[in-house]
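A.B. asks: I'd like to ask some things about the structure below.
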Amino acid sequence: QQVAAGAVSFRKCTPCHNIGEGATNKVGPVLDGLEGRHSGSIPGFNYSEANKKSGLTWDKATFKSYIADPRAKIPGTKMVFAGIKNEKEQEDLWAFLTQYGPDGKKK
């Protein structure tokens, strides 16, 4: 249920992000293999210096604080999304995203 709800939430992300097998960078980077990945590390994506130098490694707590207010978490990020304030929606979205490994396949 949580993953299904997260899939619905991910629709807010699709104008800028892709995920899954064959995903490519768009306005934002591919989100495959997000858990444990360092911010600013997807090859071929033009990250802001702020993202590259943030030192963040994506885990649930980091993701939740970022997705609540991206520009507060990483001042200078290119991400213009206003954020998701609802904690349940943040959790659902994390559950959806983390089902995908670095190769875009579901774990």
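A Cβ is built for glycine as well, from the same backbone N, Cα and C atoms used for every other residue.
Straight out of Swiss-Prot:
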type: BINDING; residues: Cys13, Cys16, His17, Met79; note: heme c binding site
type: MOD_RES; residues: Gln1; note: pyrrolidone carboxylic acid
A.B. asks: Taking the centroid of the Cβ atoms of Cys13, Cys16, His17, Met79 (heme c site), which other same-chain residues have Cβ within 8 Å of it?
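C.D. replies: Sorted by sequence, the hits are Thr14, Pro15, Lys26, Val27, Gly28, Leu31, Phe81.
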A.B. asks: In this structure, which of the binding-site residues Cys13, Cys16, Met79 has the fewest other Cβ atoms within 10 Å of its Cβ?
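C.D. replies: Each of the binding-site residues Cys13, Cys16, Met79 was scored by Cβ atoms within 10 Å; lowest is Cys16.
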A.B. asks: For Gln1 (pyrrolidone carboxylic acid), just count the other CB atoms lying within 10 A of its CB, please.
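C.D. replies: Within a 10 Å radius of the Cβ of Gln1 (pyrrolidone carboxylic acid) lie 7 other Cβ atoms.
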A.B. asks: Please report the distance from the Cα of Met79 (heme c binding site) to the Cα of the residue listed as 'pyrrolidone carboxylic acid', rounded to the nearest angstrom.
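C.D. replies: Rounded to the nearest whole number, the Cα-Cα distance is 28 Å.
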A.B. asks: Taking just the CA atoms, what is the gap between His17 (heme c binding site) and Gln1 (pyrrolidone carboxylic acid) in Å?
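C.D. replies: The separation of the Cα atoms works out to 22 Å.
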A.B. asks: For His17 (heme c binding site), just count the other CB atoms lying within 10 A of its CB, please.
C.D. replies: 20
